[in-house]
Amino acid sequence: MTVNRKEKEEIKEITYNNTSLWQMCLFSLNNAALNLYLAMMLYVSYYANSIAGFGVVLVSMLMTAMEVFDGITDPIAGFLLDSLEGRFGKFRPFMLVGNLLMSVSCFLMFFTTHHVNVEFRLLYFIFLYAIFIVGFTLQTVVGKSGQTVLTDNPAQRPISTYFDSLFIMASYGGTALYVSNYLVPKYNGFTNEKIYQVLAVTVIILAFICTVLAIIGIWNKDRKEYFGDSSKKKQKIFIKDYWEIIRCNRPIRMLIIAACTDKFAATVYSHAAVGVMLFGIMMQDYSIAGLIGLVTALPTLVIVTLGIKVAQKFGQKHALVLFTNLAILFQIMMAILLAVGNVNQIHFSFHHMNGITVAFFIIFVLLNGSKSITNNMVVPMIADCSDYEIYRSGKYVPGLMGAMFSFIDKIFTALGTAFVGLVLILIGYGKRLPQISDPLTGKVKWITIFLYCIIPILGWVCSIIALKFYKLDKATMTKIQVEKAHRKKTHRLKRRKQVP
């Protein structure tokens, strides 16, 4: 779709809902808070198995079931978000309540579950996990929909990818570094309850601080004048409207398909057990799991910055397709390195620097930078789909857009978790999860490569196919913003005529 001369003139007259960098930065801390909890909950299966005493099969089934429950709560949260406009705004209450629920449930989970009578322990754990999921859902739906009120400027929206990438790397990388280089050595592995309790308290404090800062970031934008098309009166959204929107809004459907295949892959390669097998068993140095995020952070951000520049110039769809293709290329290179290289010679120390360490570092940086873009670019693209719905039907339903996305996203997360559990059971880890002291066998090596490399490649191929049918490129979004500006201008003129 191209932009004609008349539309180019109209583009110059558009008054965008712009935001400042500090607001965008602070609001991205909402995702930082969520990812701190996600990074911590990567180890919940180890707590459930090693401390609470649940078997690997039970833990795998339980994690899958809770992820499905997590997905079911998303449409409910999305409907509530679209329906409510209180004195404290649409988004801020969800952020605060969600964070408090997660804080309380996680504290009780890691401090009390293993002390509960064995007859009631499983039910108690499920109850606390369910409370955590409700809180996580409330805060997540804001992260997926809040971009709609921050800005509608196509030059600004991709910038959120930079902050999201930065904070997600800090959340996951910082947690991995904290666990692998401090907690694991201090408490001698994953069989000491203290490791989970110290981690929980740390995450609860940091996530609460991030949430408060995110609330400050969106405070001035969480007002009615930024809720969709200001030329229309407030509309009531009914559940029956959701089916019509899902049926007619093809971009959000295609984006969901592209993102959920990525999510399945990300769930598999980032699983705690996969990390233990890769860094602890194959490389025989689990501290690398934490150090790798630290030493590759800056070069990864350089690649993310490049991705944002591409998105600003050519559109977010173009950037997502480009870096998904690059991720496939670099993941193939990583698979070859892990298959034929002596990866137990990889050491992040100047005294032990060698060729395979340099090769691993370069490939990891390129791969991680590409993955950061593919994982985070979809969030501002959800806002594009929300703008398209305003353009198409006049309905402002950011909660629905975010909830639909999160619902399918979490279903595929559940499938990814179940998939890893099933694979581990098939290779002999039916009673306990892999430990860093386990010996390396041919079976463990090839299963690790399969989970860490092959599954992501397949997921990204599916994503590229889905994006071929996603039509919200840069030219289309420009037309949508022109139409929104025209509606606002027409509405202002009508109001002036009505004034006596």
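Placement of Cβ uses the backbone N, Cα and C atoms for every residue, glycine included.
Quick caveat, the model's predicted, so the values are computed rather than measured.
The transmembrane segment annotation in TrEMBL covers 51-73 (among others).
The annotation transmembrane segment is assigned in TrEMBL to 94-116 (among others).
Within its own chain, the transmembrane segment (122-142) is flanked in space by residues 30, 33-34, 37, 41, 44, 48, 52, 54, 58, 62, 66, 69-70, 73-74, 76-78, 81, 91, 94-95, 97-106, 108-109, 112-113, 116, 211, 399, 402-403, 406, which lie at least six positions past its ends and keep a Cβ under 8 Å from the stretch. The annotation transmembrane segment is assigned in TrEMBL to 122-142 (among others).
Among the features that TrEMBL reports, transmembrane segment is placed at 162-183 (among others). Tertiary proximity for the transmembrane segment (162-183) is limited to same-chain residues at least six positions away from its ends with a CB under 8 Å from its CB atoms, namely 24-25, 28-29, 31-32, 35-36, 38-40, 42-43, 195, 198-199, 202-203, 210, 270, 275, 279, 286-294, 297, 300-301, 304-305, 308, 372-373, 375-376, 379.
What TrEMBL lists as transmembrane segment is 195-219 (among others).
Within the chain carrying the transmembrane segment (288-308), a Cβ under 8 angstroms from the stretch's Cβ atoms is held by residues 158-159, 161-162, 165-166, 169-170, 172-174, 176-181, 275, 278-280, 319, 323, 346, 348, 361, 364-366, 368-370, 372-373, 377, all 6 or more beyond its ends. Residues or ranges marked as transmembrane segment by TrEMBL: 288-308 (among others).
When Cβ-Cβ distances below 8 Å are used as the criterion, the transmembrane segment (320-340) is approached by residues 258, 262, 278, 282, 307, 310-311, 356, 359-360, 363-364, 366-367, 370-371, 373-374, 377-378, 381, 445, 448-449, 452-454, 456-457, 460-461, 463-464, 467 of the same chain, each at least six residues removed from its ends. The transmembrane segment annotation in TrEMBL covers 320-340 (among others).
Feature annotation from TrEMBL assigns transmembrane segment to 346-367 (among others).
Summarising the annotation, TrEMBL assigns transmembrane segment to 411-429 (among others). For the transmembrane segment (411-429), the list of distant contacts is 56-57, 59-61, 63-68, 70-71, 260-261, 263-268, 271, 273-274, 443-444, 447, 450-451, 455: same-chain residues at least six beyond its ends, Cβ to Cβ under 8 Å.
What TrEMBL records for 449-470 (among others) is transmembrane segment.
Away from its own ends, the transmembrane segment (346-367) comes close to residues 283, 285, 288, 291-292, 295-296, 299-300, 303, 326-327, 330-331, 333-334, 337 of its chain (Cβ-Cβ under 8 Å, at least six residues beyond either end). When Cβ-Cβ distances below 8 Å are used as the criterion, the transmembrane segment (195-219) is approached by residues 22-30, 32-34, 36-37, 39-40, 43, 46-47, 51, 89, 91-92, 95-96, 99, 102-103, 106-107, 109-111, 139, 146, 149-150, 167, 175, 178-179, 183-184, 186-187 of the same chain, each at least six residues removed from its ends.
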